[in-house]
Amino acid sequence: MAKETFQRKKPHVNVGTIGHVDHGKTTLTAAITKVLAEAGGAKFRDYASIDNTPEEKARGITINSSHVEYETDARHYAHVDCPGHADYVKNMITGAAQMDGAILVVAATDGAMPQTREHILLARQMQVPAIVVFLNKVDMLGESDSELLDLVEMELHELLESKGYHNSPIIRGSALRALEGDPKYVESIKQLMKIVDEAVPTPQRETDKPFLMPVEDVFSISGRGTVATGRVERGVVKINDKLQLIGLGDTRDTVATGLEMFNKILEEARAGENVGILLRGLTKTDIERGMCLVAPGTCTPHTEFKGPVYVLTKEEGGRHKPFFSGYRPQLYFRTTDVTGTIELPAGVEMVMPGDNVEITVKLIAPIAMEKGMRFAIREGGRTIGAGTVSEILK
């Protein structure tokens, strides 16, 4: 008898709380779970359980972050909250928490602070499509302070506009008072989630995107031809589909003449599946690990790009010393290392362990590259940093 399939009745969306330290990100996360738990859409998580974050590893970097889940009438959400500022930077740059939208928490008593700005900039660099603002701690201001609130809102709108976030909605409330059950502030949490439902776009499913599979291994089957194996990153491939092999050399056209998974023949392979693809007209020497099989014309090979990186501290297993322009590490993309030369921005003399900085990179060989793609920086096989491609130059 066939196994039952898991029914996804609602679209799934990933969100996260961002903002300056002590502006109430974790308290808001707790308040959302409490208010939605009362409506039957979540399990209440108190502040302490969210704040006590487990360590996780992403691309060799240790990150502390808490994941909670909840449902509104319209959607199922996975929500990430990070305790420390460095954890946010690492989380966003390594893509440990891919966000479809962010809830920016700003204390009305402070307004926009340095980390508020930095998190908005990071969200933009990481292509987070939408930001909804929760103006927290409004209960600490008197009724006469409504002009101050208007000023804070104006400043936030200007800041968000300058980073390309137009018409970001702002909801006023108090996460702490909502946690305490004050009806007025519970209502502001309900309003916030209604706005998040509307303002954060539903992400396109991975299977709806054009096909891409990074090659992990290659072997020949006598009498059949050459097989490339790997995990399908996105999209769908069917037998007899035309494909392109790109990266590390010249682009080659081919056709998928057969598909296998666990020695079973497939009609099609979908995002997330580990498969072998039999390729027409290619020999084993034409293909190597690190190349990508893609739907024709959907992805191109490049060697030069810009992007933000986070450099690990010594304690995190990173370098003990700074590096300078002209530094030549390995850059690990998808399934392979490629040597690249790093140039620092004008006015930046060196990068210390623990810094995050925007770098320009020239690779010695082209790879299938796209905006938003993640990479690790490695030295002698260990990860010493991680980054994201924010702009392709060549």
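Using the three backbone atoms N, Cα and C, a Cβ is placed for every residue, glycine included.
The structure displayed is predicted, hence computed values, not measured ones.
Some features that Swiss-Prot has for this protein:
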{"type": "DOMAIN", "residues": "10-204", "note": "domain 'tr-type G'"}
{"type": "REGION", "residues": "19-26", "note": "region 'G1'"}
{"type": "BINDING", "residues": "19-26, 81-85, 136-139", "note": "GTP binding site"}
{"type": "BINDING", "residues": "Thr26", "note": "Mg(2+) binding site"}
{"type": "REGION", "residues": "60-64", "note": "region 'G2'"}
{"type": "REGION", "residues": "81-84", "note": "region 'G3'"}
{"type": "REGION", "residues": "136-139", "note": "region 'G4'"}
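Sequence features annotated in Swiss-Prot and their locations in the structure.
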{"residue": "Gly19", "record": "GTP binding site", "Cβ contacts under 8 Å, 6 or more apart": "Lys25, Leu104, Val105, Val106, Gln115, Thr116, His119"}
{"residue": "Asp22", "record": "GTP binding site", "Cβ contacts under 8 Å, 6 or more apart": "Ala107"}
{"residue": "His85", "record": "GTP binding site", "Cβ contacts under 8 Å, 6 or more apart": "Val21, Gln115"}
{"residue": "Val138", "record": "GTP binding site", "Cβ contacts under 8 Å, 6 or more apart": "Ala108, Leu149, Arg172, Gly173, Ser174"}
Stretch-averaged pLDDT - the region 'G1' (19-26): 90
Inter-residue C-alpha distance, Thr26 (Mg(2+) binding site) and Cys82 (GTP binding site) (nearest angstrom): 8
Contact set, same chain, for the region 'G1' (19-26): CB under 8 Å, 6 or more residues outside the stretch: 47, 50-51, 66, 81-85, 104-107, 110, 112-116, 119, 136-137, 175-176
The region 'G4' (136-139) - residue tally per DSSP class, helix then strand then coil: 2 helix, 1 strand, 1 coil
Tally of DSSP helical, extended and coil residues in the region 'G1' (19-26): 2 helix, 0 strand, 6 coil
Positions whose Cβ lies under 8 angstroms from the region 'G4' (136-139), at least six residues beyond its ends: 23-24, 27-28, 105-109, 149, 172-177, 185
C-beta crowding around Thr26 (Mg(2+) binding site), within 10 angstroms: 22
Cys82 (GTP binding site) CB neighbourhood, other CB atoms within 10 A: 24
